[in-house]
Amino acid sequence: MPAAEAMTTDQKEPDKAPVVNGTETLPRPSGKQSDPGTSFLRAARAGQLDKVLQLLESGVGINTSNANGLNALHLAAKDGHIEIVTELLKRGCTVDAATKKGNTALHIAALAGQEEVARILVEQGAGVNVQSLNGFTPLYMAAQENHDGVVKFLLSKGANQGLATEDGFTPLAVAMQQGHDKVVAVLLENDSRGKVRLPALHIAAKKDDCKAAALLLQNEHNPDVTSKSGFTPLHIAAHYGNQNIANLLYQKGADINYAAKHNITPLHVASKWGKLSMVTLLLEKGANIESKTRDGLTPLHCAARSGHDQVVDLLVENKAPLCSKTKNGLSPLHMASQGDHVDAARILLYHGAPVDEVTVDYLTALHVAAHCGHARVAKMLLDRSADPNARALNGFTPLHIACKKNRIKVVELLLKYGASIEATTESGLTPLHVASFMGCMNIAIYLLQHEASADVATVRGETPLHLAARANQTDIVRILLRNGATVDARAREHQTPLHVAALLIENGACLAGTTKKGFTPLHLAAKYGNIKVARLLLQRDAPVDAQGKNGVTPLHVASHYDNQNVALLLLDKGASPHATAKNGHTPLHIAARKNQNGLTPLHLCAQEDKVNVASILVKNGAKVDSTTKNGQTALNIANKLGYITVIETLKVVTTTTTITTTTTTTTVEEKYKVVAPEAMQETFMSDSEDDG
């Protein structure tokens, strides 16, 4: 029992734990000798009055306790040492001092059946209604252990038998549960107004205790008494499936259709909890199979929602209304679908439930299954010809809802069964619009793989890209762009996705937010060469040299993808061309594909005719007279390869160095074009790295 368990820790031997005196812990001495505090507690428990007095005279604190909070008064009270209890109280021991679990000396005396000690404690001011941490009172303790004498005494001193534990047990309830007839009789006699009898009858119903229930009902008390929650004992019996007590209550006049809180009847309760035999009994006794709760639930709704297929079958066989609806228009089939109860749904359909019955919002059972992600029920409904393109009041199809709730398995199933991938809502939203706004990446990819259009516009002219940008769904934006979404698509008010992005920035969107790889929005703008987005971000002070986890800056990215306009913009805004990633590469190296043969980035610009990058390099101090291992300058290489624009760029800052070449059978292009070693062909930045 709860009270007994609560006392277990408190009743440990006092010499098995350190002794606490006030705020100081007395150390346990070595050897067989005990410290004074421990000796004091042992003496109190053993009833050694002389030793107790001797130790008190020597200075031991009268309220000394062990680690569990047990003091001398608690220990003496437990074992009925009246003289020690009296002496301790006389010398000022705190009468209601509590253990760590909140038990006073009176709790302990009541639990142990020490009636005389209880009398002394109460005479000295002990509280008869003090509750422990778990809500136990001294009366509860005495009732639990069948100490009827202590129970009578405490009641005579004003003990309140209506006080319950934190689990809701009263003294009468625990006495009935334990079968303590004497204590039950005492408590019932004392309760002349019958206030405590209500929960007692409910407890009897819960335990299927016909003997206790008969005792409570012998004076023709109302069998339909209600608890604070409004339920009768028959509701409780229905909940637990206790047929014996249900029969007794019915024989004593209990209302089989009593509508408790929210108009819930015993049949609703039994159906919800799947108590097949109880449902059978209640129907035999005349329970109303069509009764409705406050929200319009019938017993069939309750059984279907909980998936009790046998109860569903029984109710349907007894003519339960298949098409009865709740206030929101939910049928039993909707309820079975909501709970993913395939068998219950199958039984309902077998008996004729309409597969496409709709709610007040025109939601079918398939809509509900899609919302909850219940693929099994969805498949069963589709196999029985449920409409995969049924439109709710707002135009949402099951596919729209599955996209909204990120139910990828249901999305796959619906498309397999013919759901329209381009179906639109009243506002023109396609499933891809919904997935894009909600950030459902896997679904967006799946839809695009199945030919969903990335540029379909809503009534307001917004594409999936607009919605993804508005919702700050960076990954979705990236996916849409990769799949051909028009980056400058204009909505009805002529706003582009960039306008939406600007609005996000104006409203405090974090410009330094990063992906898993540490990449910022500016990194992504640099990758895709989106100069407008990059300019917008930089105008709002986006960190120009922000580094990803591998040390890559936006300029590294722009250089890698040869997005020169973005690179120039970044340089103009102060980006460092010398920032070094963890692999040692700078943006300049990446732009010019530096190798291990002594070529500088400028040499490779000359070799590959990258005029714009060469200009950037020169403006940032690149040494134009650096030579390769073969003694070639960048201008030499440009001259030999005939790259006129590069030559003109380099001539501005240098004088051509004449190099006499030897006769060779190779062509000029073959002689001067340097092939980068394999080590330099490594992928500097994979899509996975860039994408975060």
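Glycine is no exception: its Cβ is also placed from the backbone N, Cα and C atoms.
No curator has checked TrEMBL annotations; they are predicted automatically.
The region 'Disordered' annotation in TrEMBL covers 1-38.
If one looks beyond the repeat 'ANK' (68-100) by at least 6 residues along the same chain, the residues whose Cβ comes under 8 Å of a Cβ in the stretch are 9-12, 14, 17, 40-41, 43-45, 47, 49, 52-53, 56, 62, 106, 108-109, 111-112, 114, 116-117, 120-121, 124-127, 130, 132. TrEMBL lists 68-100 (among others) with the feature repeat 'ANK'.
What TrEMBL records for 101-133 (among others) is repeat 'ANK'. As a summary of secondary structure, the repeat 'ANK' (101-133) carries 17 helix, 0 strand, 16 coil according to DSSP.
The repeat 'ANK' annotation in TrEMBL covers 134-166 (among others).
Mapped onto DSSP helix, strand and coil, the repeat 'ANK' (167-192) counts 18 helix, 0 strand, 8 coil. Annotation comment: TrEMBL describes 167-192 (among others) as repeat 'ANK'.
Averaged over the repeat 'ANK' (262-294), the predicted model has a pLDDT of 96. Among the features that TrEMBL reports, repeat 'ANK' is placed at 262-294 (among others).
Feature annotation from TrEMBL assigns repeat 'ANK' to 295-327 (among others). Residues of the same chain lying 6 or more positions beyond the ends of the repeat 'ANK' (295-327) and with a Cβ under 8 Å from any Cβ of it are 262, 265, 267-268, 270-276, 279-280, 283, 289, 333, 335-336, 338-341, 343-345, 347-348, 351-354, 357, 359.
Taken from TrEMBL, the feature repeat 'ANK' covers 328-360 (among others). The residues of the repeat 'ANK' (328-360), classed with DSSP into helix (H, G, I), strand (E, B) and coil, number 16 helix, 0 strand, 17 coil.
The annotation repeat 'ANK' is assigned in TrEMBL to 361-393 (among others). Residue counts for the repeat 'ANK' (361-393) under DSSP (helix as H, G, I; strand as E, B; rest coil) come to 17 helix, 0 strand, 16 coil.
Summarising the annotation, TrEMBL assigns repeat 'ANK' to 394-426 (among others). Residue counts for the repeat 'ANK' (394-426) by DSSP state, with H, G and I taken as helix and E and B as strand, are 16 helix, 0 strand, 17 coil.
The annotation repeat 'ANK' is assigned in TrEMBL to 517-549 (among others).
Broken down by DSSP into helix, strand and coil, the repeat 'ANK' (550-582) contains 16 helix, 0 strand, 17 coil. The repeat 'ANK' annotation in TrEMBL covers 550-582 (among others).
The feature repeat 'ANK' is assigned by TrEMBL to 597-629 (among others).
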The repeat 'ANK' (517-549) - residue tally per DSSP class, helix then strand then coil: 17 helix, 0 strand, 16 coil
Long-range neighbours of the repeat 'ANK' (262-294), counting only residues six or more past its ends (CB under 8 A): 231-232, 234-235, 237-243, 246-247, 250, 256, 300, 302-303, 305-306, 308, 310-311, 314-315, 318-321, 324
Composition by DSSP (helix, strand, coil) of residues within the repeat 'ANK' (68-100): 16 helix, 1 strand, 16 coil
Helix, strand and coil totals (DSSP H, G, I; E, B; other) for the repeat 'ANK' (262-294): 18 helix, 0 strand, 15 coil
